Structures are given as C-alpha cells and as structure tokens.
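Some notes on the structure that comes next.
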Amino acid sequence: MALRFPRFSQGLAQDPTTRRIWFGIATAHDFESHDDITEERLYQNIFASHFGQLAIIFLWTSGNLFHVAWQGNFEAWVQDPLHVRPIAHAIWDPHFGQPAVEAFTRGGALGPVNIAYSGVYQWWYTIGLRTNGDLYTGALFLLFLSTISLIAGWLHLQPKWKPSVSWFKNAESRLNHHLSGLFGVSSLAWTGHLVHVAIPGSRGEYVRWNNLLSILPHPEGLGPFFTGQWNLYAQNPDSNSHIFGTPQGAGTAILTLLGGFHPQTQSLWLTDIAHHHLAIAFLFLVAGHMYRTNFGIGHSIKDLLEAHTPPGGRLGRGHKGLYDTINNSIHFQLGLALASLGVITSLVAQHMYSLPAYAFIAQDFTTQAALYTHHQYIAGFIMTGAFAHGAIFFIRDYNPEQNEDNVLARMLDHKEAIISHLSWASLFLGFHTLGLYVHNDVMLAFGTPEKQILIEPIFAQWIQSAHGKTSYGFDILLSSTNSPAFNAGRSIWLPGWLNAVNENSNSLFLTIGPGDFLVHHAIALGLHTTTLILVKGALDARGSKLMPDKKDFGYSFPCDGPGRGGTCDISAWDAFYLAVFWMLNTIGWVTFYWHWKHITLWQGNVSQFNESSTYLMGWLRDYLWLNSSQLINGYNPFGMNSLSVWAWMFLFGHLVWATGFMFLISWRGYWQELIETLAWAHERTPLANLIRWRDKPVALSIVQARLVGLAHFSVGYIFTYAAFLIASTSGKFG
C-alpha cells in the first residue's frame, strides 16, 4: 500500500477513487503540502530542482545548435543572409507524397525541411559564429554544461553537500553574488566576447582560441586603457558603407556611442552593444559590493527597510517587518521574481523589433512577428503567475502581527478603494472604447463614413516628437534644432538616433493615428481588467466581507458547501483562472495590432490599417479574414503547398480550443452521472468486463475541470494564432 502513487501523501495514496491520480499530479510540485516536509528539505528540494531546470535548458539549446549544424544551411545563409531561408532541421516523414516532398524542400536542402523563424541564425551570425564547426563546438559545450548542472543537482541532494536553511536565508550574500557574480561578471565576459570575437568577426577577422592572443581587437591594444585615453577606443567607428562580415568600410573602434542602426544590417551597432554591456557590467559589479556580509561593511537590507519610515506619518510604519516577511516566504520571493521577469519579457518583445540587436533580423519579417508574439504571451503567463503566488503568500505566509501598519497591511486595509478604482478604470475604458468602435461601425454600415469619431493621439505624437520624430510638426525638444537637448547631443549620439527615428525603414516610433488611439485604449481596458481580477484575487485571498474566514479554506476551493450561499468561485485560484482568459484576450489585441500594423508597413499599404482599424468590422474583415485566406488554402481540392502544415495546425488549434468549453461549461454532476452509467455498462459487457479498475472512476473536481478547460482554451488559442501569424507572414514575404 505504501508504494502507491503519490508517495508524498499517504492520505491521497489510500484514496480508493481516481481522485488519487489527479490530485497526486496536481500537488506533486506543492512541496509545502507533502508528508514529512521540513523547511530545510523544502529549500533543498527547490535548490536541487533549479539545477535540473538549468540542465534541461542547456540540453535544449545544445539541441538547437546541433540540429542546425547537422541538418541546417548556416554556412550558405552566412554568405547571403537576406535571400537564403534559414533551415531549423530536416523533416523525415514516410507519409509525405511527392507534392509534399517538393513543397517542403527549400533553403537549398536535398529533402523536406523546417524553416527557422526563431532568429537563432541572425543571433549566431552577429556574435561571431561562421561555420558548422563553430555550431558543433557550441553544442558540445552546452552539453557539457548540462551534465555539470545535473551533477550539481545530484550533489546538493547528498547529506554532505546539502546547504542549511541559514545559507538559503542569507539574503545579502545571495544578492552580492547574484549582482556581481551572475550579472556583473557575465556582462563583463560578454563584453569581452563581443570585443575579441564578434566585432572582429563583423570586420572579416575570424578569431578563435588558436589566434585569440595574436589578434588585437584594437590597434592600440591596452595602452589607452592604462593611460586613461579611453576616448581612443571610440575613434574611427565603422562607416555607413560598412559591409557586415567584411573589412570593407570597417573601422577600428570597439566601444562607441553612435546611436541608430547599421545601414546594411538594420541592427544596432555592435560597438554600441559592447559599450552597453561594459556599462552594465560596471554598474552590477559595483552593486554587488553594496550589502553587508561577513566583513561588517556595506548596507544591511533590514536596516535600510526599517529606516524607510514615510514622512508625516500618513503612510504608517512603511517597510518595517518587510525583511523577515519576504525572507521567510518563498511565495513572496517567487512572486517578486515572476513580476520582474514578466515585465522584462514584455520589454524584450517591445525592444527586439524596435531596436533590433541582431544583424539582418529586421528584414526577416516572419521571425520578427514570431518573436514579438512569443515573448508577449510568455510575459502574460509569467505575470499572472506572479499574482497567483502573491495570493498564496497572503494565505500561507502572511503574519498580521509581524506586519502591523506597514505597506503590506495598508494594502489590505485599503483594498476596497484599490479594487473599486481599478473597477472604475476598467468600466470607463471598456464602455468608451467599445462605444467609439461601435459608433464607427454603425456610421460605415449606414453609408456615412465621414461621421466616424476619429481622435488623433496628440499626446503620444507629442511624446514621439520630444524624442526626435519630426513628421508631426511639433517643434519640441529633440525635434527642435534650437533646443538645448538637441544641441547637447548633436556631436555625440544624436545623429544616428535622429536618422533612425525619422527613417521609414524600421519600426522605431511608428507614425500613429486614430486607429492606434482606439486599439491602445482597447489594450488598456484589457490590461486594467486583468489587473483588477488579479489584484482582487490576491487582496481578498485571506478573506472578504462575504467570506471573512476564506484563508482557512486554502488557495483553491470550489465552495464552502451548499449551505453557505455565494462562496462558490471566490477562491484566489478562481481569480487567477478568470484572469488568464483576460490576459490571453488582451495579448490577442496586442499582437493583432502589432501584426496588422507591421504587415501594412512591410507591404507599403499603411493606409489599409489606418482606414480599417477604426471600426470592428475592419479588424475582422481586413485583418483576420483577409490574412487567413491564404492560410486556409494550404490544402484544398487542387492540391497542397508549404502552408499546408500551418493550415492543419490552424484547424487543430481551433479544435483544441473548442474542447476547452466542454470542461468549462458543463458541471461536475453531469460527468459523475455519465461516468456511473458508463461504469455500469462496462461491468455488464462481455470481454470489456474482464478489465477491472483499481480506482473507482469519479468525475474531476470543479477546480480540476476548470484547470483542464483553461489549459485547452490557452493551448488551442495560442496554436491557432501561431499558425495564423506564421502562415500569413511567411506566405506574403517568404
């Protein structure tokens, strides 16, 4: 009996129904709830699993390098990045007929292949890789790191190498090591790689271990560094006629502040990037020496927080009690980490297209679209997770006595005001934005398009102008040649920046109008509503006027029995569950907007977006319907083409998505009755009744069915849009 799954919960292991299996899977990673768990084992398990996570990441990235080296066309792509399609890997499928073999044989390959839309070719090229041998070397190195990570994970589970709880709670040492060691040293090392390998590579010099010490990255060597003439490193940058990867038009500078983009590659100057990483390294190396450890110098975070008492006393006791609250709650720490990572991931999406760092990636439109969408969806899931763990913190770890009248307690004290303000903002945005869209639809439907309400986003245009965009005619700050800001930066970084902002060949500061104004507010509605649901879930997690004892029921409960009305659907988990739908919805609008605006930009018919985006039918007809027409003809009565796989995935995504509703709209009793009928029939059917079950079949719990429904909804939604995005972009631009 003791060996039945799940071993971490004897109570569940003895459950005679199928609940044992599903609850076992659901709580497998909730280490806190396991039998015999101690704080020490909890920290050690999580620590060891981090090494497992690293091993998986290194193995996966190693696989990317290996498959491109083995089955890709990296060396051919390097010769002509703009016209050769990068191959991710070969496809071996015995079911392919001749038309499919021909359709998927591209990029100079001998057989069917997948095209890479991940940007790895551009990245590897930019950082100095040139041959398949380089890729194999990288793959082997990452495989080695993966093995080391696995060994480290195993080692830290052995009694002799298990760290103590005090080691895990030594926040100052951890911060110092992470700031200096992880961020500082790795940024410095990356600067070194860029200066010694990537920049020479961009100038036609092939630097590897065998000649690393004999090729100087800069003709003056280390002389200027030791004599304080650092400005020499910025002199003689690459010229505007520089051909990337060749000495033609190349300079000698290694650390510059040029601004703008390399004219040929349309990506940031490598020498600017190296300079940026050096500055980051310096900042983080300093930051990693700020906190007090064994040496008695530096800041104590606890002292810093305790000293932060707001003036005037109107904000209570400020940060008192926060240090111990955060340091003793893994959920609080995870919530903070997820919130930060979520913001960073969304920023990556925004900056990868507007300020592309990798050579030629800006001209690979499908990759640009795929990377933007990928990072925004990832950000959405990470951000909702931050609030989920924030809510679990309030339920499991929050101690009111420890946090009396500090910022946390005051958030809870003022939750009604916070939630109602968010609600008001959401309602205002929703009704006004929808009102404008629907009004415009009615005007077009009634044949009076001139009566649309079209609002110019003058404040946003003013901000763009302040940053140097001249087309709107605002004479302000960087768009005014007389301003001190303009004159101060004139000789340093501004020429490159101003050229980039005012050139129409990139995505920096796109021209905006009434359609942008409307969709911006639709997105704001989505963001505020998602935030409202998440914030309400976390702030009401401990209890509310309706259910003051909510925290005693845990993070996810369906209801408090039939006798207590209104207690269904109000667990913190339910808030997370509802918020994910809104999150997906919002990111849908974000990616629709980004994609449609860019498709019209790349095709040179921007007026289509400008004219059709001001009413709902325009979005449905001229974005969704028009761009799916090519996709759904991936296979038809006349044959198939290279979009057929995306056409199939588009269909399949819709099916997965629709399956979600089966779990979301029918409730537990229906399934329980159905299961009992099926079990009755099974037991009375010859042959079938030879198969017996150890666990009595029962329906999923309400919460579990919602999770399964949500998973299908999310996965189907993302698969559908991914297929649409990649097919509609690659179908137009190759």
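Keep in mind that glycine also has a Cβ here, set from the backbone N, Cα and C atoms.
Taken from Swiss-Prot, the feature transmembrane segment applies to 46-69 (among others). Remote same-chain partners of the transmembrane segment (46-69), defined as residues 6 or more beyond its termini with a Cβ less than 8 Å from a stretch Cβ, comprise 31, 87-89, 116, 118, 120-121, 132-133, 135-136, 138-140, 142-143, 145-147, 149-150, 152-154, 156-157, 163, 168, 330.
For 135-158 (among others), the entry in Swiss-Prot reads transmembrane segment, with the evidence type sequence analysis. Sequence-distant contacts of the transmembrane segment (135-158) (same chain, six or more residues past either end, CB-CB distance under 8 Å): 44, 47-52, 54-56, 58-59, 61-63, 65-66, 68-69, 72, 74, 124, 129.
Taken from Swiss-Prot, the feature transmembrane segment applies to 175-199 (among others). Long-range neighbours of the transmembrane segment (175-199) within the same chain, counting only residues 6 or more positions beyond its ends whose Cβ lies under 8 Å from a Cβ of the stretch, are 126-128, 207-208, 212, 217-218, 254-255, 270-271, 273-274, 277-278, 280-281, 283-285, 287-291, 293, 301.
Sequence annotations record features per position, and here Swiss-Prot assigns transmembrane segment to 273-291 (among others).
The transmembrane segment annotation in Swiss-Prot covers 330-353 (among others) and is backed by sequence analysis.
Marked as transmembrane segment by Swiss-Prot: 369-395 (among others).
Annotation comment: Swiss-Prot describes 417-439 (among others) as transmembrane segment.
Residues or ranges marked as transmembrane segment by Swiss-Prot: 517-535 (among others). Packing against the transmembrane segment (517-535) from elsewhere in the chain are residues 384, 387, 418-419, 422-423, 425-426, 429-430, 432-433, 436-437, 455-457, 460, 575-576, 578-579, 582-583, 585-586, 589-590, 592-593, 613-614: each is 6 or more residues past its ends and has a CB under 8 Å from a CB in it.
Taken from Swiss-Prot, the feature [4Fe-4S] cluster binding site applies to CYS559, CYS568. Applying an 8 A CB threshold to same-chain residues 6+ apart, the list for CYS568 ([4Fe-4S] cluster binding site) reads PRO558, CYS559.
The transmembrane segment feature in Swiss-Prot is assigned to 575-596 (among others); the stated evidence is sequence analysis.
Residues 100, 103-104, 628, 630-635, 700, 705-706, 708-724, 726-727, 730-731 of the same chain lie 6 or more positions beyond the ends of the transmembrane segment (643-665) yet place their CB under 8 Å from a CB of it. Residues or ranges marked as transmembrane segment by Swiss-Prot on the basis of sequence analysis: 643-665 (among others).
For HIS654 (chlorophyll a B1 binding site), the number of other Cβ atoms no farther than 10 Å from its own Cβ, over all displayed protein chains, is 15. When secondary structure is read from DSSP and collapsed to three states, HIS654 (chlorophyll a B1 binding site) falls in the helix class. Feature annotation from Swiss-Prot assigns chlorophyll a B1 binding site to HIS654.
The chlorophyll a B3 binding site feature in Swiss-Prot is assigned to MET662, TYR670; the stated evidence is sequence analysis. Note: TYR670 (chlorophyll a B3 binding site) has no non-local neighbours, i.e. no same-chain residues 6+ apart with C-beta under 8 A of its own C-beta.
Residues or ranges marked as phylloquinone binding site in Swiss-Prot: TRP671. Sequence-distant neighbours of TRP671 (phylloquinone binding site) (same chain, six or more apart, CB under 8 Å from its CB) are ALA699, LEU700, ALA705, listed in sequence order.
Taken from Swiss-Prot, the feature transmembrane segment covers 707-727 (among others).
Figure note: comparing Cβ neighbours within 10 Å for the binding-site residues CYS559, MET662, the maximum is reached by CYS559.
Sequence-distant neighbours of the transmembrane segment (575-596) (same chain, 6+ residues past either end, Cβ-Cβ under 8 Å): 353, 369, 372-373, 376-377, 380-381, 383-384, 387-388, 391, 516, 519, 522-523, 526-527, 529-530, 533-534, 536-538, 540, 609, 613, 619, 622-624, 627, 706-707, 710, 713-714, 717-718, 721, 725, 728-729. Following the DSSP three-state reduction, the secondary structure of TRP671 (phylloquinone binding site) is helix. In this structure the alpha carbons, written CA, of MET662 (chlorophyll a B3 binding site) and HIS654 (chlorophyll a B1 binding site) are 13 Å apart. Proximity of distant same-chain residues to the transmembrane segment (707-727), defined by a Cβ-Cβ separation under 8 Å and at least 6 residues beyond the stretch ends, is recorded for 26, 117, 366, 369-370, 373, 377, 577, 580-581, 584, 588, 591, 595, 624, 627-628, 630-631, 634, 643, 646-647, 649-650, 652-664, 700.
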